[in-house]
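Taken from TrEMBL, the feature domain 'Ig-like' applies to 5-91, 115-205, 214-322. Taken from TrEMBL, the feature region 'Disordered' applies to 374-397. Residues annotated as transmembrane segment in TrEMBL: 342-366.
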Amino acid sequence: LEFIPIIVIKVAHRQTARLGSAIKLPCPVEGDPPPLIMWTKDGRNIHSGWIRFRILRMGLKIKEVEADDTGTYICKATNGFGSVNINYTLIVIGEGGGGSTVAGEISLFPSAMRPRFTQPAKMRKRVIARPVGSSVRLKCTASGNPRPDIVWLKDDRLLTEQEVGEGREKKWTLSLRNLTPEHSGRYTCRVSNRAGEINATYKVEVIQRTNSKPILTGTHPVNTTVDYGGTTSFQCKVRSDVKPVIQWLKRVETNEESRYNSTIEVGDHRFVVLPTGEVWSRPDGSFLNKLLITRAKEEDAGMYICLGANTMGYSFRSAFLTVLPDTKPPITPMFSPASSSLPWPVIIGIPAGIVFIFGTVLLWFCQSRKRCPPPSAPAAQVLQSSHRPPYRERDRDKDCLSSMNYEEYLAQQQLLLSQGGPTIPPKIYPKIYTDIHTHTHSHVDGKVHQHQHIHFQC
């Protein structure tokens, strides 16, 4: 296992590239942990500000190679255990392929390359019309060997550095701000070095503003379709001599008028005024505004109007929004609307009250159902009950009243005396009532029968 970064593939340290092409300088280095890669050119670190240079994981890519890209490049790979360098010498060859210039070396026959525009796509529009107060940028980025110089002319008059802007990079783009009719004319960039010269001419026309009502330019707003719950927007582009007021309106259907506090009448329909965001000023002198619709619902569908107005009048344009149906199944509520509308203390208190009342009734019923043992229990049970009952059983017996026949009571006492023996204490019945009820029954045959009942507390 290698820890120090090592070069895994042999590379050619001398690289060549044609002017305007792209080249990649590899840096095949591995290590554990993976090393940190850093590139330098002629001792200067290459960073993200070098717009044509891109540091990749396994190399350095240079786009649209220029003559000044010639030089010495070093890839330095470093981790915690060491570092390793890979050196390259880049040679930029002209379009004709003859000769080369190597940075750090003295060439007796340096290659001279005439200038060329490096961003022709940004120079296609050569006739530009702008209203008063707007701005425009004219580009003439070029390269060559040696690096060319650039000058700007307006109607064949050389512009000063104050008019063009200070700094070498700014010279490749001519910026005209707050245009006035005097800015109209032909602007020429002239790029030259000792190998040749190229030029490009722009025609700028500054349009005098007239006092008129706003004009909606372009095709916006356009009809739009959005998913239920989705997000969409309308945009509106207005040209006006002064900053206009841009307002969005939505048509109110007949059955929707009660939903809005106030509406306005436009033509034969009524509209509601919607909140409007910031109005942006564009370089071409127009003004832009957008209407954002989030979480679209069915009631958001309908006609929308962009209205642009100034002191001279107004213009408007309409578009329709279609909201697709909701495809998600509806969520069934757990409680009915009536029950969900009750306060939560009531929802909890009603069942708790019912349970409390039911428990109270049940307890009363159980207490009323208690009974004492029957007096005619077997002798074994009588003997067993002759022992002192537990505390709770005694309490229960004290509260329980029953009555028995006097003869039955005497029979029980005799049975206890005859079977108890000396070791078994006799059953003592406390609190025997002394009131004896005598019942006399007269029969038809003349016999009279009397019997008595004695009550005791068990």
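Note that Cβ sites are derived from N, Cα and C of the backbone, with glycine treated the same way.
TrEMBL does not curate its annotations; it predicts them automatically.
Not measured: the values here are computed from a predicted model.
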Predicted model, mean pLDDT over the domain 'Ig-like' (115-205): 85
For the domain 'Ig-like' (5-91), the number of residues DSSP places in helix, strand and coil: 3 helix, 48 strand, 36 coil
Helix, strand and coil residues within the domain 'Ig-like' (214-322) as assigned by DSSP: 9 helix, 58 strand, 42 coil
